């Protein structure tokens, strides 16, 4: 599923204009006039084809609502709306959602059943809730299969934005312990505590120290609270600074991944499941650990070496 999804609109007209301008706007542009004309012809053909497809869409669905062009003087943008895959998409999602949240683990290991919130259309991400510390402090974290660290803003962070929940306060948790500097981690300048740093493709970044505390997964979880290592954020930039969510829950492969830590402890099986509500519904469900598969589920196996 990749790293953080950022909502936005792709302006095909602007892209094609910039590409053609950079290619032809030079002092020796004359030999390329014919090529530019062919590009314009191709663009016109694509636009005509897309409009034809829209005109042939199912008449039972509501007609597409084209968004107005930007008001800052730029060329109008072509916006292609997205629709649910079928009329029964809501019913299908709710069935899958209930199955995930009610399913039993398929082995001797329990699982952590958790709800998902938000959606791609309005927020650009899905979040879940984690509780860290004793007593627990709640956080809304973006579910990210491309990240390997789970982190929340730390009380000491002076370069963190305003988010959904208060910052994590280690001093208020009786079970918090800093991860001391060792050979397996990068250390702070005083070589006292382990640190982490993460940068993302959209030029946002997060950095801070590593701590260990009890993490709870909500009242629908079979899995009891577990100790795990996470990041206590001291600096964030870009979208991480401006987003409403508190931080990231990393589900990728790595020693700092919450899933890998739970698997290493032997408390869950080596798997997790995600069920997204989609554009028209939002929310969803997530299970850390194995589940019993429904009888009508069809599995497709992939070769991890390829």
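Just so you know, glycine gets a Cβ as well, placed from its N, Cα and C.
Range annotated as transmembrane segment by TrEMBL, chosen from 37-55, 56-74: 37-55. For the domain 'Peptidase A1' (126-306), the predicted model reports an average pLDDT of 92.
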